[in-house]
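Engineer: If you scroll down you'll find the structure; I have some questions about it.
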Amino acid sequence: LAPASGNWTEYINGKWLDAHYDPVANLYTFSSCIVLADLHGDGENKLVVGDLGTGSSNMKLKVYRGTGLMSENTLLDLPTGLVSFLMDQHEPRTPAIAVASGPYIYVYKNLRPYFKFTLPPLEVNALEQDVWNQAREDMIDPLSLKEMLDSIRDKADVPLSVRSLRFLMLDPQDMEAFVNLYKEQPIRRQTVITCISTLKKNMADEDAVSCLVIGTESKDVYILDPEAFTVLTKMSLPSAPTQMDVTGQFDVEFRITVACRNGNIYVLRRESPKPKYCIELSSHPVGLVRIGKNVVVGCAQETLQGFTQKGKKLWTVCLPAPVTTMSVMDLPTRGFQAVLVGLANSEVHLYRDKNLISTIKTPDIVTSICFGRYGREDGTLIMTTKGGGLIVKILKRTAVFDDRDSAPGPPLAQSIRLNVPKKTKLYVDQTMRERENSVAMHRAFQMDLSRLRLAAARAYVKALESSLTPMSSSLSEPLRMNAVVQGLGPSFKLTLNIQNTAVCRPVMNLAISFLYDESLYSMKTAFFKIPLLVPGLNYPIDTFVECLSDKGISDIIKVFVLREGKSAPLLTAHINMPVSEGLALN
Amino acid sequence: MANEENPLTLLVASEPKKGRAPKAPELPIPERKNWLIHLHYIRKDYETCKDIIKEQLQETRGMCEYAIYVQALILRLEGQIQQSLELFQSCAILNPANPDNLKQVARSLFLLGKHKAAIEVYHEAGKLNDEDWEVHHNLGVCYSVIKDYKNVCVVSQAEEQLNAALQLNKQDRTFLTLGKVHLLSRDTDKAVDVYKAAVEFSPENTELLTTLGLLYLQLGKYQKAFEHLGNALTFDPSNYKAILAAGSMMQTHGDFDVAMNKYRVAACVVPESPPLWNNIGMCFFSKKKYVAAISCLKRAHYLSPFDWKVLYNLGLVHLTMQQYASAFHFLSAATNLQPRLGELYMLLAVALTNLEDLDNARRSYEQAVALDHSNPLVNLNFAILLYNHGDKKGALQQYQEIERKVNMLKDSNTEFDSELMDMAQKMATALQVGESLVWTKPAKDTKFKQGSAGVPIKTLGSSQQPLGTNQALEQAMSSAAGYNRSITPRVSLSQPKRSSVPLAESSGLENPPAVPGDASGTPRPEESDTPDTLPPLAAKPKVKSKSRQELN
């Protein structure tokens, strides 16, 4: 084995040997679908992977030996979970593989299909059964069947079967055929398996016979007898289970820790059909692992939390990225137990209690982790990545995990210099200048400020006096005007919008006059009267301007609103004419 | 069930052949991929999740309740709340018995701001399952955001629901909300109790620790405040809020290096925080690195141009740097933004005095005196100005005002700055008022105390001397507590206000030779609370010399 990548010191100092990395292994799987088992009883553990294929087709049961693929079996449906377990006492003691998929468990022995278990069907709504019976005997037509099923769906305690639900979705013309096709078959309500695990029957030995524990979509947990495949116990949960951890022996005492889809974790025990304890998390559990008597949960909110068996919170650690998967790392020969946490930042963190003791960088986001004996090597870490890669690492026998304290001293940022600009000579000079002349500067500033204010005030007064503003402030003729220029040129349309803002008094005897450069523009009427202005209404007044120049220059046209008999305008508007872009016709 | 058939045939033909004439294809179970959808959803692999959902909805023709549910959740995460609401509503139609669907409908309504509608739907969900803490918690949140705090009914309903949630299940979120509700109805004691219980329940939640610490700070319980803020920093050394609060407390105690260390961490986390740069600036100021102080404060000013506290500090630093013209601009801007602070006008007056604009300086002092009710420094500075310009009568009047304020403060056990005392005494002798002895003794006492207060700073957390005894800090805090912004910036701000400027004047009067030394940055001993004193004096040689002559 040689280091696949990375530098030499890392190879020397690292804790892991890179045994194998196949980035194109094309595996789409999860931690629940990976198992290490001695399938042939030859003391060499194989890697069994339930591959989801494309997610809808090409599902495979793959077995790896060493770095190569040993065998492949086609699966009919998506594998939900995969366990290896000893079914019986026969020699040689080779474990069977159970693949949970849909409502079935496929059991393989020696990698050959051996048995198929089907989940017990759920209770069927009696009313629904009646209705379909009537349909079978052609006593009701499809439309009334639909009506009756509809009413059952709305108030029934027991939900309808898939068949009835599908029927309710159909268009009326397809109903007849559907009823004829299905009416002869018995109604069945099936549920699917969501997770699977094993539980030792009556001995704690490594090679003792185990029962299968399955969680279903119907919020139940079943324990199956390994030989007869009968249901030994059925327990109910408040929500659909997603992950399980099982410990103990079925005949003595056992404990099933179940993470559920409602974000809670329940603890089931022998002889209690209902959960004994409940841990309510603030976010969904992504990974669930038991270490000794404690439960470690990786939450979707980027935290790792430790609980006692009875659900008391022990600790919380913040993670740098969302959790993708979790697994336990158990080295019984060294008495070492820790939790492997795969993160979305392409790292795998190793935690012992709340202390981070090691970090493994991976080339891709890890989606499944499995630690155990592979081949003849006890400490092997198997990971698959989001891109479908397969990584195998072997723990060095010299590797030591020391329990560092989780508090890493002062944060790094504390030693980063503050970004404060340097003192420049210019700044110092200016400071000195101010120190020496502050009084003069202040006075000059105050003086200039006063001048500025004066100038502004003067300009304002001037504007008011000569009515340069577009609003007339005089009490007798409160007017408002704005102007719009339309057209590309050389002729433009000028629209003046005039409004009398008085409350009730109309304004009369007004005229408009234009002032412009006659060499540039011409207007047909540069002076005209405007009608009586009723208060509040807007009067658009159009006039046309011809641009005489073709040199691409423009000028200002001034508009004055005048009152008969007075030379000072009431209002003034300056119109910035646009450059004429068109050419005169002649 | 356990039918021992030939396994090979079983696997190949999974549908049981019962020999019926038209072989009906087995209908897929709509829930069959729920586990896969959930798995991708909790791993935040939303793209794959959406693909599976799409496939599943096509297969089941939109019947799969869970697929729609997750689709809606993802839409909501992507900000399409209205669409998510519609999908949740269709879920609720598919399965009206599931309280989760109603809860999510209500949640989407809540996010859309339709709080009253959300409350109704939550009540519906509560009818389906009354033992759900989440329903109670969210009802509490809804009631608390209706923003009708005068309406006792709404507040009590919010409290009731949150308490019900806490009884069913203790969650940090619920504690935080309940605390907030109490704070908004101005019931600080209850809020403290809630946060205390919360910290007891989850002792490592930094948000709870920080909130409780800040609350104690507001209440003036500095020991406890520092304890909680310190705890918060142990669990999360880069908690911005805790760093600012703890840093400002350290600053108030003169522990500038430690405060700077903390600020450096915060500067990495939140590099554009105005209060942070303000506090860093004042740290530099206290360490006599004036140029750095100015650049930090200018950064704070740039980031938050309408914060009068930053302007105040900028004015102060420029006064210290003898850049009176600049100081005037900053201070006048500050007075425009905050026209009711006496000390601001006092600083403005000092700047104006130095700019030889005496009329305006006097006017500014008058304004300051009118606005200020407790700070004798304002009157002292005014008195000095009046005295220096020959208005003994006015000075005497101000002096009497000083005495009144001092007597008032003495009752509340305030320590006075020694230089203030000396100066006031000098003033008294100059004005030939005899009873100055009345408060010289306490002054000496305080000086001693100040010296000792400088020592335990570094062991703030476990110092034998309780923090609360430091009256300066207390005053600073309480004066700051009135504003509605985060506590931190005020603290650091108020520190310079108290001591700096007036001291400058007073010391200037006494000992001009000390002035150049300070301006050039020579360290002085015992600089715990009064770091920024002397520099302005240097720029006021005329005042000093005059006053000296007169005094002599």
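In case you wondered, yes, glycine gets a Cβ from its N, Cα and C as well.
Unlike curated entries, TrEMBL annotations are predicted automatically.
Predicted, not measured: the structure shown is a model, and the values here were computed from it.
Sharing the record's features from TrEMBL:
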COILED    B:392-419  coiled coil
COMPBIAS  B:487-498  compositional bias 'Polar residues'
REGION    B:1-26  region 'Disordered'
REGION    B:447-467  region 'Disordered'
REGION    B:487-552  region 'Disordered'
REPEAT    B:172-205  repeat 'TPR'
REPEAT    B:206-239  repeat 'TPR'
REPEAT    B:274-307  repeat 'TPR'
REPEAT    B:308-341  repeat 'TPR'
REPEAT    B:342-375  repeat 'TPR'
Engineer: For the repeat 'TPR' (B:342-375), DSSP counts of helix, strand and coil?
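Structural biologist: Per DSSP, the residues of the repeat 'TPR' (B:342-375) fall into 27 helix, 0 strand, 7 coil.
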Engineer: For the repeat 'TPR' (B:308-341), what is the mean per-residue pLDDT, to the nearest integer?
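Structural biologist: The answer is 91, the mean pLDDT of the model over that range.
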Engineer: Give me the DSSP three-state residue breakdown of the repeat 'TPR' (B:172-205), ordered helix, strand, coil.
Structural biologist: 27 helix, 0 strand, 7 coil
Engineer: Taking DSSP states H, G and I as helix and E and B as strand, how many residues of the repeat 'TPR' (B:274-307) are helix, strand and coil?
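Structural biologist: Per DSSP, the residues of the repeat 'TPR' (B:274-307) fall into 27 helix, 0 strand, 7 coil.
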